[in-house]
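Visitor: The following block contains the structure, expressed as structure tokens.
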């Protein structure tokens, strides 16, 4: 199977080039940022009726930002960043002052934020035009974008299948040539899982290294913004733009940004000699799609052929990660989403003079939240209630500690861990929507990393022999060793060419 949206490209070859290539053309003045931005806006107009990657397209704002870059470059100024002038798609969970921020929920339909998220601000300061805001599962709760209040995103590889979630819009935009760069968020795999299903690269940085200020919270101890692109180098260049300490975020870590771009360039030689790669025993067993396991084993053998030493690693508490995650996350959701009460901002329903304030609040939440969000609020509220807090929430936090200890022990033996990113390739839209537990299981390989706050990457590892659809290879690195992801990821990418 091929991705006709990218393989066949479009009338304009600018939409099939990498971000690094586009930056080189713009900075050398062979093309203008306006030309590149307009090409991608035209591409969005041509194919987004099929894909539905975007919830909002800001044509005027994007072109104005591109013109500003061109003006500065023509005046002889140095580029504001290595990606200045290259346009980007932004997940609709980061606040923006010039475009609606809805988190794909009716609760925030049409909401205009009075401030930019720190990630948004850094993108603007880097001279990167924002093409628009991408589709997602409502409040980042889901694995397929089917929980979006505005309809699902379709996978460019097969329009009947999901592009993943929660950030399926960002990855689909990359895969369809609608954007060369995109930003996502990852709570339990929402960057890495869509990347795997769309044959793109997605990175969940170490927790605390990318600011969450202005990121609409799902689960505050798990959420992390991160970069996505079509190549490892492009992803590294964007990572460098958005990472860094932020005084507006109490969980932001004050330490130097890992040298991710340097690592990606060094890894491009394809050499993995001296690298110890751990294969996680719990993620390499029967029950996964045969084509996924076949591609994973081929990827491991490729790394061996590139000089890596392969070691099997046992992480026994990973088997308990799913249960712990789906207790901790709903508890944090229950707390975070209490702010959407119909009183201060967002939707206010049923305020016709016949209802009390409490009734208006209840009616607003009933009308504004979708079924999955309500399910998680109820589950979290129950788990936090008197008599159940110790039995459920605290026990889940103990398991979380054990998972972090499993990772720590593993990194005493190896430099990096690998696994399939997802148990199967992209499933058909509607296939799992009536079975929440089946949907939750799809994040099995990705969520342990979030519980431990470590760094992870998904990158293309070929097509499954049984479905012809993309398979992702997941790399997992210790905290604050994000550059190791890029070193190994770039080498693996080079070895596949």
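Quick reminder: no glycine exception, Cβ is built from N, Cα and C everywhere.
Marked as active site, charge relay system by Swiss-Prot: 91, 166. Taken from Swiss-Prot, the feature active site, acyl-ester intermediate applies to 190. The region 'Disordered' annotation in Swiss-Prot covers 143-171.
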Visitor: In sequence order, what residues of the same chain, 6+ apart, have a Cβ less than 8 Å from the Cβ of residue 91 (active site, charge relay system)?
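Guide: Once residues fewer than 6 apart are set aside, residue 91 (active site, charge relay system) is near 133, 134, 136, 167, 169, 170, 182, 183, 184, 185.
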Visitor: Cβ-Cβ under 8 Å from residue 190 (active site, acyl-ester intermediate), same chain, 6 or more residues apart: which ones?
Guide: 136, 137, 140, 143, 165, 166, 167, 184
Visitor: Going by DSSP, is residue 91 (active site, charge relay system) part of a helix, a strand, or coil?
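Guide: DSSP call for residue 91 (active site, charge relay system): strand.
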Visitor: Tally every other Cβ atom lying within 10 Å of the Cβ atom of residue 166 (active site, charge relay system).
Guide: 34
Visitor: With DSSP as the yardstick, break the region 'Disordered' (143-171) down into helix, strand and coil residue counts.
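Guide: Result for the region 'Disordered' (143-171), in helix, strand, coil order: 4 helix, 7 strand, 18 coil.
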